[in-house]
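Chemist: Quick one: this structure, given as structure tokens, is what I'll be asking you about.
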Amino acid sequence: MSSIVVVGTQWGDEGKGKITDFLAEQADVIARFSGGNNAGHTIQFGGETYKLHLVPSGIFYKDKLAVIGNGVVVDPVALLKELDGLNERGISTDNLRISNRAQVILPYHLAQDEYEERRRGDNKIGTTKKGIGPAYVDKAQRIGIRMADLLEKETFERRLKENIEYKNACFKGMFNETCPTFDEIFDEYYAAGQRLKDYVTDTAKILDDANVADEKVLFEGAQGVMLDIDHGTYPFVTSSNPVAGNVTVGTGVGPTSVSKVIGVCKSYTSRVGDGPFPTELFDEDGHHIREVGREYGTTTGRPRRVGWFDSVVLRHSRRVSGITDLSINSIDVLTGLDTVKICTAYELDGEKITEYPANLDQLRRCKPIFEELPGWTEDITGCRSLDELPENARNYLERISELCGVHISIFSVGPDREQTNLLEQLW
């Protein structure tokens, strides 16, 4: 099996969906391995724009399988809404497969997410309140309900009653709140499970069959390395592992199955939610990037925080995710700026450091050390090769590659498919 993993190298929203869709043309199977409907990606297909949250990008290709792996947490009601929306626009979803081992998000997870953020007050993490974290907590506590359980009426009824009793005790003690009732959950979610039943299967077997048949598998990451619960800006992170290594756990394939890891980044940096962001901009350059780049969350609609490109972040991501190739998006957004900056290192308490600190208090004290390069004013949205880029834009990309220690295989100068440029064959 030839396989490629696509991961975000920053704090999510790097354009992974677009790159996944671009690479999916040559794949046989496209599989998601982590996260839930807190992730949002925008796809241009057939001249139309689609915003997906749970459904893999491969859904648009009838001859390819789109797989939701066991590492994904699934809100069945939200998933059905997404599938219905695609069907209404003429997109078939018959090629979707959902792992029978995927955890189910239920209304008490959504309630718990809301209560937890309220309890934290000024120390809130800034979650999307989609129930992702609480669902992963239940998984670790071994009380989670999986897709296989949801489909069996007696099993779902028994497990749901047990969990509601437990959640009520927790909610009363911690939040002085009550859990959604059995009657408020059971009928709706059991019916949702029955509607999804034909999609649910052992997806690890599908991927193993693809391996045996020497098919091409594309693993689609969610969020980004800096939101990884182990390797990101903890605790301002997601509740799963977006790093490439989680492909093995989140889909059931072996580690030897991965051929390449494509790290996707923007030509600048963005972040949604709270947490440290060393290169964040609050000036006119930041306003330019946010408005030209349309930096508003796909899932939340919240304005994203934006900043200069941070090579300290990228080097960290390269190391912990084994990135072999770089895909740089949104280069066109920087057009018109007099100068562009790259963070090459941090200053921490008067000393220069080149590695990303694990300690949050240290990270907050870090000051970015910038290298300044001349900008460009030429319209680059029609460029199809590095040689066609203005010299200053080309020098900017080459400097990023040099600082991060990864060669560039893809660059993008706009949102459309034809504005994504492949510099070398990846499959």
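Our numbering is plain: 1 for the first residue shown, then up by one each step along the chain.
In case you wondered, yes, glycine gets a Cβ from its N, Cα and C as well.
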Chemist: Given that Swiss-Prot assigns Asp13, Glu14, Gly15, Lys16, Asn38, Ala39, Gly40, His41, Thr128, Arg142, Gln223, Arg302 to the IMP site, pick the one from Thr155, Thr203, Thr238 that the record assigns to that site as well.
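Modeler: Swiss-Prot lists Asp13, Glu14, Gly15, Lys16, Asn38, Ala39, Gly40, His41, Thr128, Arg142, Gln223, Arg302 binding IMP, and from Thr155, Thr203, Thr238 it also lists Thr238.
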Chemist: My understanding is the cutoff is Cβ-Cβ under 8 Å with a sequence separation of 6 or more in the same chain; which residues meet that for Pro303 (substrate binding site)?
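Modeler: Spatial neighbours, sequence-distant, of Pro303 (substrate binding site): Arg290, Glu295, Tyr296, Gly297.
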Chemist: Going by Cα-Cα distance, which of the recorded positions (Asn38, His41, Thr128, Gly301, Arg304) sits nearest to Lys18 (GTP binding site)?
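Modeler: Closest recorded candidate to Lys18 (GTP binding site) by Cα: His41.
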Chemist: 10 Å Cβ neighbour count around Gly301 (substrate binding site)?
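Modeler: The Cβ of Gly301 (substrate binding site) has 9 Cβ neighbours within 10 Å.
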Chemist: Among the recorded positions Asn38, His41, Thr128, Gly301, which ones place their C-alpha within 10 angstroms of the C-alpha of Gly15 (GTP binding site)?
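Modeler: Matched recorded positions: His41, sequence order.
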Chemist: Take the C-alpha atoms of Arg304 (substrate binding site) and Thr128 (IMP binding site) and report the distance between them in angstrom, rounded.
Modeler: 13
Chemist: Give the maximum pairwise CA distance in Å, whole number, for the residues Asp13, Glu14, Gly15, Lys16, Asn38, Ala39, Gly40, His41, Thr128, Arg142, Gln223, Thr238, Arg302 listed as binding IMP.
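Modeler: This binding site's residues have a maximal Cα-Cα distance of 34 Å.
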